[in-house]
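Below you'll find the structure, written out as structure tokens, and then a few comments.
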Amino acid sequence: MEPSSSAPENRSYWRWSKRDFFPEKSFENGKSYCAALADTCPRLRDRLLNRSSDSHELLVLPLASEHRMNRCLTWWDLSWLAFGSVVGSGIFVVTGQEARFHAGPAIVLSYAASGFSALLSALCYTEFAVDVPVAGGSFSFLRIELGDFLAFVAAGNILLEALVGAAGLGRSWSSYFASMVKSDPDFFRIRITGFKPGFDLLDPLAVAVLLITNGIAVSGTRKTSILTWLSSLITTLVIAFIIIIGFVHGKASNLSPFAPFGVDGVFNAAAVVYWSYSGFDMVATMAEETKKPSRDIPIGLVGSMSMITVIYCLMALSLVSMVKYTEIDADAAYSVAFVQIGMSWAKYLVSICALKGMTTSLLVGSMGQARYTTQIARSHMIPPFFALVHPKTGTPVNATLLTTLCSSVIALFSSLDVLSSVFSISTLFIFMLMAVALLVRRYYSRESTGKSELARVLICLFVIVGSSAVGAALWHSRILGWIGYTVAACVWFLGTLGMSLLPKQRAPKVWGVPLVPWLPSLSVATNLFLMGSLGTEAFWRFIICTAVMFLYYFFVAVHATYDVEHQNEGKTNDEGVQNATDQEVVVL
């Protein structure tokens, strides 16, 4: 079906006027902007209290794109998109680095812990994506349940995650290809002696890879999906080869000592290898293009993540069985491992598989990043120019160009170790917010929840999040030891128990997370715990990036979203909702 249109007739997709970027009243001229700045405090208060709704995200915001995205994906497509996005985006990138320097053979446990946490987050994403199948993914879900301001914080981190993740994959692609050609991961990079370490190796090849893959992704959703699942079948065969050869040539002596860096090392590595599971949230952004979200998304998300967790643990075990952890190459672990066991020819097969895996991750990542950006632009948190969907391809071309150019600049300068820590903390933060949002969705309703009931919900949430954060901080600081961890765990248990005794205000429409509030509460705890296992430098980078986002919000986004929210005050949205319904926005 061709994407339907709400665009003015004869208006070109390619337009660059000021009104296409800043159509809001506050940005008409200098005088109106100064007046808006003077009104920042009441506007900020309005935004802090504002929450979106399912119908607004589903029926009204998509009109800003002028053309509809094609609804062309099934559970089969989503499963392989998840597999293609996740497998290769981390297992070939950070496994060697973390096994060598932080976890040793216990990297298997790191992957198991991260996989469990990722699966809990995938359950939360699935319920939201089935109920609200829109392109915005976690941004839309958080905007509905936690409000406009927190959604912006999430939006900023979503974009940071997208840009850093793509840049990291581009750098890793370059490393693997260089290892195949010259056995030197930095062979294609240009060293600039005057730059700070970590930013002194320019990588033009990574930039070229990003430009090519994003160009393919923007050509059409269905084409990219077919290419992804066909190529992922080949990846599956090579992964089976890696696992079998790893076990055949494995030595029990390589697994001893199993945890040379202790429990601390296992969880420090788990926080970083969480990157390996990133990408499944991109499937949630495909909900708007899914034929039957209520059936296809649970199968595509939960099923694929369960399978991927098992595969990752087996691949990690095969690596540390083949090679002593002290001899693992941190940049191209699997390729070099086969050279070390005397199978030099296999390094090319592994490197090709890794390159293919990272390429499909970039393809799916580009699709998801652009759809996140599209929904954020639909809300006017960033210029609505980036919300436009191309009438021929049915894809958000402008949003794709934005993420491509930004990630290319980052990939040109930043090294992998710098990127992985920033990426992990941003991802964990968003997943924690998603679990909180699900608890709010189940236990709070604007229409029926009284003030006393709301107070009890907030107290329980405060106890759950607070105890999880304190436990994570104690772990990171090593204060009080196991006594502190036990007390924090008991307080978390009591907070979750208290919430379980409260009446639920809403049931899922079609598919729901089981064992609420226990599983979402556990997701909050595990994500915060993994955040606490990251180094101080990662937190400082996260804080600085978030501070920059706040500046943008105070000077731009708060005024744009306020204007959009109130420009039609006193009018109903009946006409817009009817138009959107006529365009068949949702098919459950």
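Using N, Cα and C of the backbone, Cβ positions are placed for all residues, glycine too.
Automated prediction, rather than curation, is the source of TrEMBL annotations.
It is 108-129, from the ranges 108-129, 328-349, that TrEMBL records as transmembrane segment.
Here the domain 'Cationic amino acid transporter C-terminal' (511-560) has, by DSSP, the following mix of helix, strand and coil residues: 40 helix, 0 strand, 10 coil. For the transmembrane segment (108-129), the most Cβ-contacting stretch among 297-320, 422-444, 456-476, 482-503 is 297-320 (pairs under 8 Å). Counting Cβ pairs closer than 8 Å to the transmembrane segment (456-476), the top stretch among 255-277, 422-444, 482-503, 510-532, 538-562 is 482-503. Here the transmembrane segment (482-503) has Cβ contacts under 8 Å with residues 439, 443, 453, 456-457, 459-464, 466-468, 470-471, 474-475, 517-518, 521-522, 525 of the same chain, all six or more residues outside its ends.
Take the transmembrane segment (149-170) and the stretches 255-277, 297-320, 422-444: counting Cβ pairs under 8 Å, 422-444 has the most.
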